[in-house]
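Everything below concerns the one structure shown next.
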Ligand code: ADP
């Protein structure tokens, strides 16, 4: 061990690049560079007595950091033949220019004197180059006073840094030092114990602790760890023994902790490994036991079942290959392994998808198809005709790329049921895909399997459900898809509906192409306008307007009532709804374009009747055949009433039959009282319009909504103000502008219309006008309220009531021309529903009336208008009397 050494005043310097030799450390180096070889040769090899050299850390320029004092001479280890002296000044670091400007080497100002424990000289064979292998031992610290070159290597004038014996003895008395050294020894002892436990080495290191002075031990310990260059430098710089001890304690402690953490992790990993090995072993044993018992329902068999299912799925060869690859992966996995389940669910889907399975298409009988359509739907002559044409084309050319039918109309007009009738006529299965509110492209195309919780898109899912590859697929509410950040479902639908592309439809989850070309697509929408044009382009739109009350009555009596009765286990023997009552339901309880609410109300009546039938049975004399009855539902009731032998009929017996076992003396006849009891007081009546238009300033407009046509009242009022116009009722920009135009027009014509006394008088002098569109929660927009707005304003300013039996629609220009608007058919039907007698329409819209059923037109007076004045003429009782005096 290093004892105190007499240092010479000058030492040959061996630079250590990014490395530190600490006192007490032993290192083996190989010297090959000319300068280091020269240094070893001259300072160590050729000396009689044992020589010393100085080891000085140098830092690459790239690594320069402000740690510790540094020297900056010009050249590195490879020095030229020159001799220059570099004074180390008071400042800690100097930068000295050298020959090689690019390679600036930063010398540390403190180093360690080292002696060679072993030296061996080698001569490389062909080149004759001399190299040395030197085992060096660090002895003590020194500081560099002056650095100079001697021949090819550096020498330095140095001063020792270590304390003298006397100084050391003094420090050893210091209580702080004593505490520090005790602390260090404890930590060091702990480290040694941990290491000895690990490596099972003898107590040799422990001896060190007893024999070597603690300040040297600090260096020796730290030298044996892997620590950063910065930490090594700071250890070297710790000339003060107390600082050195505390630094060393910290480093030893850190090393100790890291060993402990590493040990813990190893233990944990080992524990886990053995746990999973144990599990595996147990599982194997369990499998063996099950095999012995002939109990085969474990996972492996499930996989075999899956494989068989896949083989029978009739996948195309390329998809079969992908499936097999995935299956191989699955077989290699443990069921507990992450990914096992997702892989399995995916394969199940592949196996379940109808790759080839198709419903057998019977020879299409057009007559039967027509009968079926007529049987299911009343009216809709043109629509049915178009469907028959469509089917006829399919019959002649089954693989023809026919257009995709898109039924457009308000809810409840029979769009869905028409599509299912098409499926029935073709003998195909029917599947409905609801697209309402779909905003994410992944809903159509599926999520990639890399996502957690990924699943196929709605189309593939629908095909899996229906289990045939050629169903009639209804894309319901195609107008309700929207696009946002998650992509555009409409563009995915484009691919679906394009016969060129849908042969290889790519669902992201499925990740293999699926042939959709055999599917017959039918779409439905409430409105045409929101459907993106490219999508609309691929479809043939068939419009279904709302029904007239007469049509509704026919639909109710012929289709809805029989169906509703059947659904409730009743028949006409139990319940009779007279036509007058159906009409009442249509007029007073529903105000819709379709028949959905009508059907709902009829169902409510049927439910009420069913309860009465069940209750009435108490009072009924029990016939002989009653003892054969048996619905579990009725068992208890019958048993209460009489002692009869019971026989339980299986549940699948038709309800209808069961109810027929009752003997009902006479059917219930629905009357107004029952209507009120079941459906509540009437919701609508014809007096509504009259009541609402009871004061001046209100007019009746006709609008078009997603639910078909509707009546829209416009209310205007005036109050003290500064001539402002207030608008309320969730209005869009277009309708707001219409209101401005209307007000301007009325103001301009104020005198002519006798609304203001003199030419110059201002209609809005000292007052504000407020226009409101009731049903404030429903957003409204569009230009067709123009004429209605003017009528409301004229009525307000003239204080004359507009006619309550007259509704109107039409856009108005600033000059007072009435322009045509859309949705005439729906609007006229709505007016009819509301019991309106007169409808003012733009003259150019008269041609649209051909679409309105004659029965509706017969009950309406249609009043064409070319200019706003015409509208006013029709809108007020007795015409527009003030008009005669105007120049209009
Ligand atoms: P939509 O899809 O247009 O909203 P549905 O097809 O669901 O409407 O129709 C609602 C109900 O009204 C269904 O029970 C349907 O059979 C019935 N229905 C609609 N129109 C007719 C009609 N013309 N004849 C017979 N029933 C009809």
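Heads up, the Cβ atoms here are built off N, Cα and C, so glycines get one too.
Whatever TrEMBL says is automated annotation, not expert-curated.
Keep in mind the model is a prediction, meaning the values are calculated, not measured.
If you draw a 10 Å sphere around the CB of residue 784 (active site), it holds 28 other CB atoms from the protein chains shown. In the three-state DSSP assignment, the secondary structure recorded for residue 784 (active site) is coil. Residues or ranges marked as active site by TrEMBL: 784 (among others).
Per TrEMBL, the feature active site maps to 827 (among others). Annotation for residue 827 (active site): spatial neighbours 702, 703, 704, 709, 809, 839, criterion Cβ-Cβ under 8 Å with sequence separation of six or more.
In the three-state DSSP scheme, residue 415 (ATP binding site) falls into the helix class. Taking Cβ-Cβ distances under 8 Å and a sequence gap of 6 or more within the same chain, the neighbours of residue 415 (ATP binding site) are 407, 408, 409, 524, 544. Per TrEMBL, the feature ATP binding site maps to 409, 410, 411, 412, 413, 414, 415, 416.
Marked as domain 'Lon N-terminal' by TrEMBL: 11-256.
For 693-878, the entry in TrEMBL reads domain 'Lon proteolytic'.
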Are any of the recorded positions 410, 413, 784, 827 near ligand 1, with a Cβ under 6 Å from it, and if so which? 413
Coarse DSSP state, helix versus strand versus coil, of residue 410 (ATP binding site): coil
Give the distance between the Cα atoms of residue 411 (ATP binding site) and residue 784 (active site), rounded to the nearest whole Å. 23
Which residues, sitting 6 or more apart from residue 414 (ATP binding site) on the same chain, put a CB under 8 Å from its CB? 377, 380, 544, 594, 595
For the ATP site (409, 410, 411, 412, 413, 414, 415, 416), what does the 8 A shell look like? I mean other same-chain residues with CB within 8 A of the CB centroid. 407, 524, 544, 593, 594, 596
Top Cα neighbour of residue 784 (active site) in the set of binding-site residues 410, 412, 416: 410
Counting only residues 6+ apart in the same chain, whose Cβ is under 8 Å from the Cβ of residue 413 (ATP binding site)? 544, 545, 546, 547, 593, 594, 595
Quick one: average pLDDT across the domain 'Lon proteolytic' (693-878), no decimals. 86
